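Chemist: This structure is in structure tokens; I'll ask about it shortly.
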């Protein structure tokens, strides 16, 4: 029994080091905007805010992961947007938003404008108009702990993938602007995701992604980044993190040649981390 516990402990530590687990999948990041003013407990603004947040997922006919609601009149009007990752199930989406509505009130207890970013959803509210408007600030980059061993090639392949996906996402409809795909880079297969709030026009979505994708961290070239902005976001990793979706293949840009096209479920050579795990378990069970 002790040896089994030791095995699990060593496995966890090794996985943490090799795969660069930086944060929990559900760890939120809140940004409270003091510049937009504050409200007091029991005020009209707080009542409108409570009404909006409690009603976000009340409409069961909405099953595409995007919610926008307003309550009240100026100057106490509250506008709110919630967006789930495009491949999330309805239940998981509503669960993420439910957590976000609670957490944002704890973190930003009296601010009239706030944003909260989760891996699976984002939530924002304000006393100004936030619908059909491109906003790339406040942003939040979340990076892995590991680095690519060929930074120049890796970052170019990341850009190639994300640039390809942004056209597909922008071509989406008023319910979903979301795209996923992958690109081979040396030993790695890079998995990427881009998304906009679907209240944006195709041009607005494209412009938003044009602004944020150049923000890919350059120093050291991390092998995993999730970049959050209010109107759009992107993510890339060297491991699969999304479900297969119909819009995973690019549709609004010229198709790549057969020699470079990567099917969604392509089998690729294992990265060095895989061999390290193999040797580790070989030693353990020898």
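FYI, residue positions are counted from 1 along the chain as it appears here.
Every residue gets a Cβ built from N, Cα and C, even glycine.
As annotated by TrEMBL, domain 'Gnk2-homologous' applies to 27-130, 135-241. What TrEMBL lists as region 'Disordered' is 245-269. According to TrEMBL, the signal peptide annotation covers 1-24.
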Chemist: Give me the DSSP three-state residue breakdown of the domain 'Gnk2-homologous' (135-241), ordered helix, strand, coil.
Modeler: 34 helix, 34 strand, 39 coil
Chemist: For the domain 'Gnk2-homologous' (27-130), what does DSSP give as the number of helix, strand and coil residues?
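Modeler: Per-class counts: 33 helix, 29 strand, 42 coil.
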